[in-house]
Every structure is written in C-alpha cells, then in structure tokens.
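Participant: Dropping a structure here in structure tokens format, bear with me for questions.
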C-alpha cells in the first residue's frame, strides 16, 4: 500500500486548475509595462502548452478567469437634441469576434435600425485577447434565468428595488402602493437560473480518434445546472 501511495505522489497530475487568474493579470499589468506583461504571458502560454503536451499524463489545464460587463449605450439625461435629428453613434469599442457571445450579436448595418443595447447580454472575458492567447479552447459561462417566467420575476425584482431606492416610504402615493402590492401578489418566487456554456474559441477542434480535419466547436452552446455535486444538462428539461 505504501508503494502504491508513493507511486501516486510521484506520478504527474492529470488535471491542473488555476483559479483567480484575473487577479494575477491585474497585478502583472499594474507592476510591469504593457510590452513586458505581454511577453510574460506569451512565455506562460508556451510553458503551459509544453506541460500539457509533453508530460506523460498529458494533463488537462483549466484557467478560471472573470468576466466584465461592458456598458450599453444609453441616452444622456441632458440630451436636448431634436428627435428628428440623427442619433450620434455610441463611442464604444467593438468587441473582438473571438470574445463575443452568440447571445450578444453586433448591430445590423441597416439604416434606421437602432440596436436594443439595453436588452443585450454584454459579458466578455476580462483582459480580452491577452487572456485568449493562453487558450486552446475558450469557454464562456453566463448565469441566465431558466425560463421566461424566471426572467419576468427577475425584472420585477429589479424594478421594485429601483423604486425603493428612488423614494422614501413617506413619499409613496396610495396608487403606487397598490401597484406594488399587486405585483408582490403576482409572485415572490425566487428566480431560478441556469449556466449557459458556449465555445468562444476552438484552436484544436474535436478529436474523433483518427487523423484528418477536426470539427470546429465555436458558437456551440448548452445550458447546465449543478445539483448534488454533478453537472446536469438542462436542455429539454
């Protein structure tokens, strides 16, 4: 038994998990110049790929990164322009295609079409392309309401919270109080969520056990839920 334990301790890992990677990147780009930080990331990417391909166990390396929400364009509270005048183009840097969620498509180049930015999901990986260079397969995980009813319940909750912040109880009229009571009677159920997992980038393709071209998995997605320490597929449930 001791020999087996010693052999397990000496054997290379089959799974490597790197957490809090965004904190490492923040420190790296804060303490070093931008060119030096990018060189360091390039060396780290080469080292990780060497370990995954040359160790006897061929370990699967996971790097956990955070996401950042980009602000959607909104009209200014001080906007006094005529409604007939053309809207100014939002000053927002476009998201690189390899970082864009399929649930956040770019605006259509149609005259007169106004993209509903307020309803778009705008999560993107922190540090963008600097993080992507480390990966062979890039997955984006987003927490979204499970059903339409859950989404409506979430929206009602946000609206109620906004009204609470805007006024004190003494300034609430009787009609507004009645409206809030009616909304509360409609349902106070806690919204249920699922995690949508989608492939943003696939440099390797899907290995099918033989030589030849590999199917690309970019823009594929699924919905999952964690229950009893297991990941369950929620599509069709």
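Glycine too: its Cβ is placed from the backbone N, Cα and C atoms.
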Participant: Check each of the ranges 16-70, 71-125 against TrEMBL and return the one annotated as region 'Disordered'.
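Facilitator: So the range that TrEMBL calls region 'Disordered' is 71-125.
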Participant: Which one of these stretches, 150-189, 190-229, shows up in TrEMBL as region 'Disordered'?
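Facilitator: Spelled out, TrEMBL records region 'Disordered' over residues 150-189, not the other listed ranges.
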